[in-house]
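Participant: Pasting the relevant annotations from Swiss-Prot:
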{"type": "BINDING", "residues": "TYR15, GLY42, LYS109, TYR132, ASN187, ASN292, ARG388", "note": "substrate binding site"}
{"type": "BINDING", "residues": "TYR72, ALA108, LYS109, TYR132, ASN187, TYR218, SER246, PHE247, SER248, ARG257, ASN292", "note": "pyridoxal 5'-phosphate binding site"}
{"type": "MOD_RES", "residues": "LYS249", "note": "N6-(pyridoxal phosphate)lysine"}
Amino acid sequence: MATINDNYLKLKAGYLFPEIARRVNTFIEANPEAKIIKLGIGDVTEPLPEACRTAMIKAVEDMGDRSSFKGYGPEQGYGWLREKIAAQDFQARGCDIDASEIFVSDGAKCDTGNILDIFGKNNKIAVTDPVYPVYVDTNVMAGHTGETNEKGEYEGLVYLPISADNHFVADIPSEKVDLIYLCFPNNPTGATATKEYLKAWVDYATANDSIIFFDAAYEAFITDESLPHSIYEIEGAKDCAIEFRSFSKNAGFTGTRCAFTVVPKQLTAKASDGSQVELWKLWNRRQSTKFNGVSYIVQRGAEAVYSEAGKAQIKGLVSFYLENAKIICEQLKSAGFEVYGGVNAPYIWLKTPHNLSSWDFFDKLLQTTHVVGTPGSGFGAAGEGYFRISAFNSRENVEEAMKRITQAFKV
């Protein structure tokens, strides 16, 4: 008889967002007239920028003409897109990243999980707590953890707690770890990292032969000029870090699917025989074997992000969502909530009122205001007692949601 990957049986009952959807759907079935406002999953609501739409329409026409038709493209992405990414996202900020070190993909979520394919099973892995659940669950699936303890933590992972006490940025661990997940601006807390803070991590990784997985999916929301957008703005990071980026939140590509991962060619890790192996070669081999590349049409849309019109339109989109975040923060604070994030980030992280658990507050919010957010405990044990609200929605919905919440709750 065929056997399964038993590691999947270690996973908790449901991935966070499907569980939210299940509860919301159950509520809707019982209350079909309720107008639900979803500020939970970080999905965008505003249309694709005109520059991207125009480029994609032209690309569709290209596919209808024999002379410009495109079949399989390079697994790593078309050169014209990779060159623009390298020049405008990295070289313009003083980062020595070459186009050949950029791998275009269909999502940062996919890449942060798939990157584990090129690493061994005996690495000691560190994640913050709370944390984006994909980092943990993909390690469970890959067999890098044991079972969960009474707190819901997986054996074999090193959890780095983040809270108001440390401004939601983890302390550098005293023990040696091999792989480190960092996300800034942070999902779920909205915290940001200074250059000095990232330099401390780069120094730690260099001293311990560690690799940093740096998720910069929300870097476009940084408005503070003193804050780094890329870990490669830090000296030495090319020797110890892989960076993940996405067009999902800045350009509204959540349903279009395009992202990229940066693997510097000088980055190495150790083989079982002790030799140093270039990770670029392994990732290139992995992508060439398991991935056929992002569609030509979508990549043309992503290329338009870097046009003058595209940059202006994306700036407008980002500003729109940041204004939503500002409204959410101001309204919740006026009602007495303890609020974090929402500046340089599209997520607001709040303390649940009256000592409610994260899921109890979720249910109460849904039942009384018909507003959906994300329970902090779904991001880890240290997220218990917190709640995430997303700024990704229409202005009308955000204002209505805040009106409902502030009328229903006085903290």
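Each Cβ is built from the backbone N, Cα and C atoms, and glycine gets one as well.
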Participant: Is any of the binding-site residues GLY42, TYR72, ASN187, ASN292, ARG388 within 10 Å of the residue listed as 'N6-(pyridoxal phosphate)lysine' (Cα-Cα), and if so, which, in sequence order?
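Facilitator: Candidates kept after distance check: GLY42.
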Participant: At the level of the C-alpha atoms, what whole-angstrom distance separates ARG388 (substrate binding site) and SER248 (pyridoxal 5'-phosphate binding site)?
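Facilitator: Rounded to a whole number, the Cα-Cα distance is 19 Å.
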Participant: Might you list, by sequence position, any residue in that chain lying six or more from GLY42 (substrate binding site) with a Cβ less than 8 Å away from its Cβ?
Facilitator: ASN187, LYS249, PRO346, TYR347, SER390, PHE392
Participant: Closest to SER246 (pyridoxal 5'-phosphate binding site): which of the binding-site residues LYS109, TYR132, ASN292, going by Cα position?
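Facilitator: Sorting the binding-site residues by distance from SER246 (pyridoxal 5'-phosphate binding site), the top entry is LYS109.
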Participant: Far apart in sequence but close in space: which same-chain residues, 6 or more away, have a Cβ under 8 Å from TYR72 (pyridoxal 5'-phosphate binding site)?
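Facilitator: Same-chain residues close to TYR72 (pyridoxal 5'-phosphate binding site) (Cβ under 8 Å, separated by 6 or more) are ASN292, GLY293.
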Participant: Going by DSSP, give the three-state secondary structure for ARG388 (substrate binding site).
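Facilitator: Once the DSSP labels are grouped into three classes, ARG388 (substrate binding site) ends up as strand.
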Participant: Let me know the DSSP-derived helix, strand or coil state of TYR72 (pyridoxal 5'-phosphate binding site), please.
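Facilitator: The residue in question, TYR72 (pyridoxal 5'-phosphate binding site), is coil (DSSP, three-state).
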Participant: Please report the number of other Cβ atoms within 10 Å of the Cβ of SER248 (pyridoxal 5'-phosphate binding site).
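Facilitator: Around the Cβ of SER248 (pyridoxal 5'-phosphate binding site), 22 other Cβ atoms lie within 10 Å.
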Participant: Taking DSSP three-state, what's TYR132 (substrate binding site) in: helix, strand or coil?
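Facilitator: The residue in question, TYR132 (substrate binding site), is coil (DSSP, three-state).
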Participant: Expressed to the nearest Å, what is the distance separating SER248 (pyridoxal 5'-phosphate binding site) and TYR132 (substrate binding site) at their Cα atoms?
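Facilitator: So the alpha carbons of SER248 (pyridoxal 5'-phosphate binding site) and TYR132 (substrate binding site) sit roughly 16 Å from each other.
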Participant: State, in Å as a whole number, the widest CA to CA span among the pyridoxal 5'-phosphate-binding residues TYR72, ALA108, LYS109, TYR132, ASN187, TYR218, SER246, PHE247, SER248, ARG257, ASN292 given in the record.
Facilitator: 34
Participant: I want to verify one value. Collapsing DSSP to three states, which class is ASN187 (substrate binding site)?
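Facilitator: Its secondary structure by DSSP: coil.
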Participant: Counting only residues 6+ apart in the same chain, whose Cβ is under 8 Å from the Cβ of TYR132 (substrate binding site)?
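Facilitator: Residues satisfying the criterion: TYR181, CYS183, ASN187, PRO188, ASP215, PHE379.
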